[in-house]
Amino acid sequence: MMKIFFMMIFMIPLCFIKKMFWMVQMCMFLMFFIFMNLTINILNYCNLSYMLGCDMISFGLILLSLWICSLMMMASEKLLKNNFYVNFFMINVLFLLIMLYLTFSMMNLFMFYMFFEGSLIPTLMLIVGWGYQPERFQAGMYLLFYTLFVSLPLLLGIFYVFNEMNCMMIYFMKFYNFDFYMLYFCMVMAFLVKMPMYFSHLWLPKAHVEAPVSGSMILAGIMLKLGGYGLMRILIFLQNISLKLNILWIIISLIGGFYISLKCLSQIDIKSLIAYSSVAHMGMVIGGLMTMNYWGFIGSYLLMIGHGLCSSGLFCLANISYERLHSRSMMMSKGMISFMPSLSLWWFLLLSSSIGSSPPLLNLIGEISLINSKVSWSYYLMFMLMLITFFSAGYNLYLYSFTQHGKYNMSLYSFSTGLSREFLLLFLHWMPLNLMILKIDYFMIWF
């Protein structure tokens, strides 16, 4: 793991050299394949030092971070063509990757908090610095204040844990069990806002709509998963009180997921619809984690990995359409199957992946596991799960049929149907979703 960290550090000088955009991108892909070949003991922690370590949860999310950051660079070729602060963009992406890498590999709770909150800075710079509209400043403020509002209670909760245990190492905390209501709410709320849960989700659509394609990819692919990762870590030492209070979050997440699915059916902005669908998916993840059983944890982990790839690919598709039509409105992008049939195929593949209905997909196993965990927790939830599943398929079909079919806009001018780079970018999102099911055992025996 240290070889990857030093490789990231020594990549920083490359960002100041002209015409090194593709070199930095290739180095990120190389880091992914080097890290994938590391032998990780699935049942135990792989400790590097007093604070750094890795287990199967962090292993998969670090791989996802390296993969999404590599694809972010590939999707941002427009910055390279316009020469719009390319060097600063590369440094920002690299700094964000370092923050995410250290967040997922920190075994010390306080250092995890430091890097967890530190990853907000490069994300905010991406939105404010490379966004499109003047409203990006308001979106940045929403992101900042929603996250920082619950940041201080999390810090106080960490100090309380240290005062009781005289230790902050995550792998020792499974031997402790706290039964303190204030500690539970302080720590859990910080991660629920990050995911985000319904009622604390208003920052996400604003941030997605105003962010550039790279910002949307990292938000949907990785930043939302930080909340789920944090919940997996802290619920270990909050088991007793979680069994009493988790019913609150399960009800809110499922009812919120249903309302958000209805909200998606009223959207005409493509990026806004994809952003709201992320809230609905994360509601399923929260509900699975809060059931506190094996299938809930496994399903949440699988859906986080699958949603990170699928949602990132959908934002890439939305950006490809935006670069040609200069509009995110569905009214302006009707009948695209007549102009770009190849991209229409990719819309179908990624939207069907988002529904999670196709057998080879990782999302399917995750959703089956989550439904299993919730129904075993209470069979009264079956009705709400049926509604969420039905309307999830509904808004994906609505997005596909509205953008690909219908009478096309007569004011469109000539544009290319797609570049090889864009097709490769979409393929690299869709391929892991189908291939990872061949090694599904790695995802299912760590808990």
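Cβ coordinates are placed from backbone N, Cα and C, and glycine is handled just like the others.
The feature domain 'NADH:ubiquinone oxidoreductase chain 4 N-terminal' is assigned by TrEMBL to 1-103. According to TrEMBL, the transmembrane segment annotation covers 21-43, 49-72, 84-104, 110-131, 143-162, 182-204, 216-237, 274-295, 301-322, 343-365, 377-402, 423-445 (among others). If you look up TrEMBL, you'll see 107-390 marked as domain 'NADH:quinone oxidoreductase/Mrp antiporter transmembrane'.
Through the fold, the transmembrane segment (377-402) approaches residues 250, 254-255, 257-258, 261-262, 264-265, 270, 273-274, 277, 280, 283-284, 287, 291, 293, 296, 330, 334, 347-348, 351-352, 354-355, 357, 367, 371 of its own chain, all at least 6 residues removed from its boundaries and within a Cβ separation under 8 Å. Residues 51, 79, 84-85, 88-89, 92-93, 95-96, 99-100, 102-103, 137, 139-140, 143-144, 147-148, 151, 154-155, 158, 162, 168, 170, 207, 210-212, 214-215, 218-219, 223, 226, 230, 233 of the same chain lie 6 or more positions beyond the ends of the transmembrane segment (110-131) yet place their CB under 8 Å from a CB of it. Simply put, out of 84-104, 182-204, 343-365, 423-445, 343-365 has the most Cβ pairs sitting under 8 Å from the transmembrane segment (301-322). Shown for the domain 'NADH:ubiquinone oxidoreductase chain 4 N-terminal' (1-103): DSSP residue counts in helix, strand and coil, namely 74 helix, 5 strand, 24 coil. Looking at 84-104, 182-204, 423-445, the range that has the most CB pairs within less than 8 A of the transmembrane segment (274-295) turns out to be 182-204.
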